[in-house]
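Visitor: Mind looking over this structure? Questions follow.
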Amino acid sequence: MSDYKHTLNLPETPFPMRGNLAQREPKMLKAWYEDDLYGQIRSAKKGKKTFILHDGPPYANGDIHLGHSVNKILKDIIVKSKTLSDFDSPLVPGWDCHGLPIELMVEKKVGKPGVKVTASEFREKCRAYAKKQVEGQKVDFKRLGVFADWDKPYLTMNFDFEANAIRVLGRIIEKGHLHKGAKPVHWCTDCGSALAEAEVEYQDKQSPAIDVRFIFNDQDAVVSAFDLADGHKGTGKVGTVIWTTTPWTLPANRAVAVHAELEYALVQVEDEGKQQRLILGSELVKDAMDRFGFNQFHVLGYVKGAALENLQVAHPFYDFSVPVIVAEHVTTDSGTGVVHTAPGHGQEDFVAGLEYKLEVANPVGANGVYLPDTELFAGQHVFKANASIVEVLKEHGALMHHHAITHSYPHCWRHKTPIIFRATPQWFISMDQANLRQDSLNEIKNTQWLPEWGESRIANMVEGRPDWCISRQRTWGVPIALFADKDTGAIHPNTQELIEQAAQLVEKSGIQAWYDLDPATLLGEEDAKQYMKVQDTLDVWFDSGVSHACVVDAREDLTGPADLYLEGSDQHRGWFMSSMMTSVAINGHAPYRQVLTHGFTVDENGRKMSKSLGNVISPQNVMNKLGADILRLWVASTDYTAEMTVSDEIFNRSADRYRRIRNTSRYLLANLNGFDPKTDQVAVNDMVELDKWIVGRAAQLQTEILAAYDSYQMLLVTQKLMNFCTGELGSFYLDVIKDRQYTAKSDSHARRSCQTALYHIAEAMTRWMAPIMSFTAQEIWEALPGERSDYVFTSTWYEGLQAPTNSQFSNDDWLEILTVRDEVNRLLEAARKEEVIGATLQATVNLYTGKALAAKLLALGDELRFVFLTSAVNVTEVDSQPADTQTTEIDGLYISVAATDAQKCERCWHYSADVGVEPAHPEICGRCVSNVDGEGEQRQFA
C-alpha cells in the first residue's frame, strides 16, 4: 500500500491550539511596553481626525474591582475600534486623589492632622498614599490590556491640575455663579467648631424619643385630598405626627416631610371620649396607635404623599405655620412616615429645604446654647433643654408619646461628647442666579445619551437639584483660594487677580503653598488686616468635575468638548452632573457630545458584590486563572447597559466561546500554510463560487460589525463574530473546503481560490477581534502570511474584502442549499445510527424535489457531493413523494440514503467507481491521480 500522506496539503501553523493566556499575556505586555506600542499608535494616527474619550477618574484607594475592569475594558474596546477606524484616539487615564477615604486611611497610620502630625505633614502623607494606590491600580489596568498614556496620567493631586481647578473656580466666580450660604455640619459644642467626618465617632447614647402632633390650618382642604372609603369625613381636629429623637431641634422646625409615593392614612381616633383625626404612613398606623395607647381607631381613607404637598400646619409651640413638603429620605422603617424638618440641623433636612427655599434657622450658638432671641428656651444648652421642650409640648397638647431610647449617636473624637448638626457658612454654586439650571437643561438636550433614558434621568436631577455646596472642611483637598472680608464675608474685589496668583503658587509647589501663604504677600499689609484666607477645600466632585478644563482643554494631545464620557449609571448624579455644571458655568456648553453608561456587576442571584456576602470575584483572579482576553470577551458579550451577572460558571462559558473563536482562527492560519498573498491571490470574481459567497458574506458582516462598534454595541459584535465562527464559516464553509484544501494540487486554482478567501477572512477577522481580544488578535496577526506592520493596533479595518460582482449563486441560493444540507445531515446521522452507512462519505444521497430547487441543486453538478460531504448525490425532479423516501422540514423535498457500492480512495477517502483505474495508482481515484500526477482537478462551484 502506497503512502499518499506526503501528497496532501496538511494544515500547519505555529499558532498553538491552547491560548495559555495567563502565562502568555504578561510576556506580550512586557514586549508591548518595551516597544512603546502606545507611542507607535499615536505616531501612526498623528494628524488624523480625533475621537476623544475622556476617562472619568476612579478613586485612588484599594485594589481595582470587577466594576473598574468593566469600565476600563469598555473604554479600551471603543478607543481601539476608533483607532482601527483611523481616528487619532488617545486615552489619558485619570485618578481622583483628594478627599475623605484617603484621609481616613492615612489617619489610621499617622493619626489626625493637628494632633500627632501637622496638617502639612498630613497632606504629604496623603499625597504619598494616593501615589502608591495609583501605581497599584495602574499595574492591574495595564494587565487588562488597556492602552492608555500610563506614563502621563492625570491625577487630581498633580500641581497643574490643582492650580487649574482653582482657575476654574475663578471663572465660575467671574460668571456670577458663586454665593455664600449656610449648611449644617457636625459641630462639637465643647470644641466650639465644626468637625470633619473623620473626627466623628459613633457611640451609644440615651435620647428622648417623642411623637409630636402638628395641626393642619385648613381642615377641609386636607380631608378633601383623601379618597374616603365610605364618604365619611370623620370628626375632630386633623393633624399629623412626627417622631424625633432630637427634641432640641424643634425650635428650628420649618416643615414636615412626607414621601411623594408613600401611602398615607387618615385615621379616626377616639381617646377618652375625644375625637381627633391623624395622618400617618399607612404601613405604620398599627404601630403608632399601639405606641400612643389608642385602642379605638379606624381608617377613613388613603392618599399618596404628593397630594399633601404645600398644605400648612401650625408649629407645635410657636406662632407660625410650616409647610408639608415631599422628600426622598422619608421612609416607613420606623416612626410615623412623616418627618420633622429643621434645615439648620440636618443634612437631609437641609437638602430638602433648599428645594422649597425654607429658612435655614439656627437658634443655637457655637457653645450649644440657644441664642438670646430664642423664644422660650434662650440660654439653655440644647441637650438640657430637651426636658423643657417636652414640657412645653405637653402644655400645648402636642405631645402624643414620650419614651427614652438608646441608639448610636455621633460623638466628638476629642471630647467623647455628643455633637450636633449646626448650620454654618458654606460656599455654593447657584443653580439659578446666573441661569445655570436652564442652561444646563438646554445642553442636556444637545447631548446624546446612551441609553436614551439617561437624558430624562439627569434632566430630572438638574430640574430638582438644590444649589451645589462646593466647600468642605477637610485637610486634604484643593483649597478654595479666596480672601473673605472678616466682617461681611464678602470676597476681595480683586479676586480674579488673586486667584491667578494663588494658582501660580499652587502650580509651582502644590496646595500646601496656599496654607503656607501669608495673606499680606498677595494683599499687602492693610488688606491683610481686613481679609482672611478661606480655609475650606473644594468638594472632590468639583475636583473631578473640572477635568474637562484641567485635562481635555489643557493637554495638547486632547481637544474639547470630549466625544464621549463613559461611566457607571450612578454617575448621572456624580461625575456627569459635576462635569456638566462646571462646563456650562464657564464655557456655556456641555463638556461631552455623547454620554454612555454601563450597569453594575452582580452575582448569579442579582446581589451586589460585597466581602460580607462572600461573593466577590476579583479581576486579578480571573486574569491569573483564565487570562485577560476571557475577561474582555465576557465584558463584550454582556448587555452592559443593564446589571451584569458574573459567576465562575459564566466566566467558564466565556472561556468556551473564546476557544471556539481561537480554534476557528487556528484553522484559518493552518490552511494558509504555503500561501503568499503577493503571488498566490485569486481575484474575487475569478474564485470558485463557494469562495465568492463566503468572501461576500464576510464583507457584509464587516459592514455590520463596524456599524455595531460605531454604536458601542459590543454584544452585537461578539454575537456576529460567534455566529460566523459557529455557523456559515465554521459549520459550513470550513467543513466543505477541507477536501479541496487537503487534496487539490497545492498550487492549483481550486486551492488558491480557497486560500485567498481564508486569507481575506483571517485579515478581517483579526481586526474585528482586536478591540476585544487584544492579546489573541496580536498573536494571530503575527502568524498571518504576508508583509504587515508590527501591530494590528496601528492598522485600519481590512479593505481587501470585496464582494464579487459575477456570482452565479446569490446569498439566498446558498442559504437555501445550506438548509437542504442540514436536512441531508439529519438523515445521514440517522443512517449511521442504523448502521446503513459508516462515514458519510460512504453514502449515496438521493434528492427528490420540485423544479425550482432541483434546478439550483443540479446547477452545482458533480460538485454538489462536496457540499454534502458524500461520495455521490442524485437529484431528481418530482411532483410527489416517491416510495422509500423520507419527508423533510423543506416542503416538497424528499430524501433517501443508501450505502455506495463503490470502492474507497485511500487518499481522499471518497468512494468512487474509478478507484484503481490508473495502474500506477491502484488505490486512489481518478481525481486524486490528476491531483498527484496530472494537471489537477478543476473546481467551479465548491
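From the backbone N, Cα and C atoms, a Cβ is placed for every residue, glycine too.
Grabbed the feature section from Swiss-Prot, which reads as follows:
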BINDING   GLU567  L-isoleucyl-5'-AMP binding site
BINDING   LYS611  ATP binding site
BINDING   CYS905, CYS908, CYS925, CYS928  Zn(2+) binding site
MOTIF     58-68  motif ''HIGH' region'
MOTIF     608-612  motif ''KMSKS' region'
Visitor: According to DSSP, does GLU567 (L-isoleucyl-5'-AMP binding site) fall in a helix, a strand, or coil?
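Guide: SS state of GLU567 (L-isoleucyl-5'-AMP binding site) = strand.
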Visitor: Could you state the whole-number distance in Å separating the C-alpha atoms of CYS905 (Zn(2+) binding site) and GLU567 (L-isoleucyl-5'-AMP binding site)?
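Guide: That separation, Cα to Cα, works out to 62 Å.
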Visitor: What are the DSSP helix/strand/coil residue counts across the motif ''HIGH' region' (58-68)?
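Guide: The counts are 3 helix, 1 strand, 7 coil.
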Visitor: Please report the distance from the Cα of CYS908 (Zn(2+) binding site) to the Cα of GLU567 (L-isoleucyl-5'-AMP binding site), rounded to the nearest angstrom.
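Guide: About 56 Å separates the two Cα atoms.
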Visitor: Write down the Cα-Cα distance for CYS925 (Zn(2+) binding site) and LYS611 (ATP binding site), rounded and given in Å.
Guide: 68
Visitor: In the predicted model, what is the mean pLDDT computed over the motif ''KMSKS' region' (608-612)?
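Guide: Residues in the motif ''KMSKS' region' (608-612) carry a mean pLDDT of 78 in this prediction.
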Visitor: Taking the Cβ of CYS905 (Zn(2+) binding site) as the centre, how many other Cβ atoms fall within a 10 Å radius?
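Guide: Its Cβ has 25 other Cβ atoms within 10 Å.
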Visitor: Which has the fewest other Cβ atoms within 10 Å: CYS908, CYS925, CYS928, the binding-site residues listed?
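Guide: Looking at the binding-site residues CYS908, CYS925, CYS928, the Cβ with the fewest others within 10 Å is that of CYS908.
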Visitor: Do you know offhand how many angstrom separate CYS928 (Zn(2+) binding site) and GLU567 (L-isoleucyl-5'-AMP binding site) by C-alpha?
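Guide: With distance taken Cα to Cα, GLU567 (L-isoleucyl-5'-AMP binding site) is 61 Å from CYS928 (Zn(2+) binding site).
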Visitor: Looking at Cβ-Cβ distances, which residues of the chain lie under 8 angstroms from GLU567 (L-isoleucyl-5'-AMP binding site) while being 6 or more apart from it?
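Guide: GLY56, ASN71, GLY574, TRP575, PHE576, THR597, HIS598 - these are the non-local Cβ neighbours of GLU567 (L-isoleucyl-5'-AMP binding site), listed in sequence order.
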Visitor: How does the motif ''KMSKS' region' (608-612) divide up by DSSP, counting helix, then strand, then coil residues?
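Guide: Breakdown, helix to coil: 0 helix, 1 strand, 4 coil.
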Visitor: When a 10 Å sphere is centred on the Cβ of the residue listed as 'ATP binding site', how many other Cβ atoms does it contain?
Guide: 7
Visitor: Other than CYS905, CYS908, CYS925, CYS928, which residues of the same chain sit close to Zn(2+)? List them in sequence order, counting a residue when its Cβ is within 8 Å of the Cβ centroid of the site.
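Guide: Going along the sequence, the neighbours come out as THR743, GLU906, ARG907, TRP909, HIS910, SER912, VAL915, ILE924, GLY926, ARG927, VAL929.
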Visitor: Give the three-state DSSP assignment (helix, strand or coil) for CYS905 (Zn(2+) binding site).
Guide: coil
Visitor: For CYS925 (Zn(2+) binding site), name the DSSP secondary structure in the helix/strand/coil scheme.
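Guide: SS state of CYS925 (Zn(2+) binding site) = coil.
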